[in-house]
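As recorded in TrEMBL, the features of this protein are as follows:
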type: TRANSMEM; residues: 31-52; note: transmembrane segment
type: TRANSMEM; residues: 73-97; note: transmembrane segment
type: TRANSMEM; residues: 109-132; note: transmembrane segment
type: TRANSMEM; residues: 153-181; note: transmembrane segment
type: TRANSMEM; residues: 193-215; note: transmembrane segment
type: DOMAIN; residues: 214-266; note: domain 'HAMP'
type: DOMAIN; residues: 298-422; note: domain 'Guanylate cyclase'
Amino acid sequence: MGIGVVLLLVTVAIPVPNVFDPHVVWISEEVVPLYVAASIGLGWVWITKRILDQLRWKNDDRPLTAKDQRNAFLAPWRLALVPIVLWTIGAVLFALLYGSVSSEYIPKFVFGFSFSGIVLSVSCYFFAELMLRPAAAVALEAGRPVRRLSPGVMGRATASWLFGSGVPLIAIILAVAFALLERTMNVTELGAVVLLLTMAAFVFGLASNLIAAWLTATSVRDVHSALQRVEGGDLECQLEVFDGTELGELQRGFNAMVEGLRQRERIRDLFGRHVGRDVAAAAEGQQIELGGEERYVAVLFVDIIGSTRLVTARPPAEVVRLLNCFFAVIVEEVGRRHGLINKFQGDGTLVVFGAPAGVRSPETDALATARAIAHRLAAEVPECQAGIGVAAGIVLAGNVGAYERFEYTVIGEPVNIAARLCELAKTEPHGILASAQTVQASDAYEQTMWDLGRQVVLRGHGKRTRLASPSQAPHERIAALCAGTHRK
């Protein structure tokens, strides 16, 4: 295309002096075709040999070196350098050859070759940057270059306009000024020059601006699409960094941001697993403070019966498997009713209903969870029999420890009562005991599932506590409750 533009400029747009004059026709018909063929061949060998050989590492299974990375970033510049060198040589060569016959040929060829060479070189740069993006992406994966080797977004846009439209406009201005000063062109010839240069400005300007806009828009679209995926909860998206401008830094920064979000999500997940989801959520939404507040909660203690015998009678791997199954049942049932597993103590578990997140009826949830755990343990993990104690009341719930290391826990009489009931429950047939006060505070349905029993003095307590255990015949009580409700 560049050769065609030059031919039109020196033959049609600027016909005088005539390049087919008998004194110079040998240059036009012999030297020019020979140089064109030689420059095309030389340019092809130069590009293929130097540029492609320097990018051969892309297909090699070896680490990328700093030299390889630099070659990848400089490839578009080196490709653009080829037409600049060849067109400069052509301009000098033909200006000398034609100028040796008449000096009037010199401005004609300097103008024509300079205009075409500059526009073509810039077009080659943008085209090379577009086509070599895969190589740039691999190079950028190896890390940020020591210094940026691309013109940047503003430089790219400026170069696109300057060399795609600005240079042709300057050429038009020079052509008009030359025609006015020298008066060697008539109106028709000047119109032909302006028309040709305007068409070239339109074609090359449109092409270079489209490529520059596409190079910028694709990067922005990729980041925008990835941001929408992250907003939707997808933290696994990763952008390919393929732009050497600030847009590449934007892509790299996006990947770093998503990696930080993934790490934060992993920490949040681990934090929630260690302290409980509700405690983790409360800690995120509040400032860290030691101490706590009074809360009405229900406390559930679960402890394995005969844990020492279980450990000594089985291989360690089998013991771990049974304990994992045991705790899995507890975690599932507690989570089903929005309780908090406050801590695992050896082979025991402390569960709280009503803190830090409130529930409608902590007693009902705790009692129902105790029955469900006992039923599932008997069916799924019969090797691990457990005692379960349930109590409710006012506790102090909050962070206990030091600012450097603390934990969320509950302290109060209901905790101690639940622990004592758990010990006592190990001797009961069902393995479950609750305080009568807790059962009486639960909803009507849950009360039908329990029988009130004897009164005892628990260890460490001066007053008597009435016990409650799961009912032997709950179905008859449920039927009676439904019948009484129907009569009302």
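Using N, Cα and C of the backbone, Cβ positions are placed for all residues, glycine too.
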Helix, strand and coil residues within the domain 'Guanylate cyclase' (298-422) as assigned by DSSP: 57 helix, 43 strand, 25 coil
DSSP residue counts for the domain 'HAMP' (214-266), split into helix, strand and coil: 39 helix, 0 strand, 14 coil
Across the domain 'HAMP' (214-266), average pLDDT on the 0 to 100 scale: 81
